[in-house]
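Taken verbatim from Swiss-Prot:
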type	residues	note
BINDING	Gly76, Thr79	Na(+) binding site
TRANSMEM	7-27	transmembrane segment
TRANSMEM	36-56	transmembrane segment
TRANSMEM	69-89	transmembrane segment
TRANSMEM	99-119	transmembrane segment
Amino acid sequence: MRLMISVLAICIGASLGALARWRLGLWLNPGAVLPLGTLAANLIGGYLIGICVAVFQALPNLDPVWRLALITGFLGGLTTFSSFSAEVVGMLGQQRYALGFGTAGLHLFGSLLLTLAGIKTATFLIAFNT
């Protein structure tokens, strides 16, 4: 039974994350030189995983199914390393080196900074509410 609950949590989370990424692409990608939908998905995912990391550390007794639903499922469906990689390789293949490497930098450093910001935000809010 526990296995089925875990599978269901991952499936629901992944479906919702993928739908959110799809909507971001529809909203932000049409005609954009830089695929902003993919960037937004990865940056939002970076921030949200930071929040999740801090919350799960602060609440160690929280049912692990939440980690599966939120991190493995939702954030796994929302963020996309493969699309980011294909977009950057496409830019480099078109000899748009500045755009390609700039995009790679935005994804990498932006996600790292927003993950740290998410951890700091959640840590502050947890400390503020205790």
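Just so it is clear, glycine is given a Cβ too, placed from its N, Cα and C backbone atoms.
Of all Cβ atoms in the shown protein chains, 23 besides its own fall within 10 Å of the Cβ of Thr79 (Na(+) binding site).
Reduced to three states, the DSSP call for Thr79 (Na(+) binding site) is coil. Shown in sequence order, Ile10, Gly13, Ala14, Gly17 are the residues of the chain, 6+ apart in sequence, with a C-beta less than 8 angstroms from the C-beta of Gly76 (Na(+) binding site). With pairs at least 6 apart in sequence, the transmembrane segment (36-56) and the transmembrane segment (99-119) have 3 or more Cβ pairs within the 8 Å limit; the two touch. Among residues of the same chain six or more beyond the transmembrane segment (36-56), those with a C-beta under 8 A of the stretch's C-beta atoms are 20-21, 24-29, 62, 66-67, 70-71, 74-75, 78-81, 83-84, 87, 103, 106-107, 110-123, 126. Counting only same-chain residues 6+ beyond the ends of the transmembrane segment (7-27), those with a CB under 8 A from a CB of the stretch are 35, 37-38, 40-41, 44, 65-66, 68-70, 72-80.
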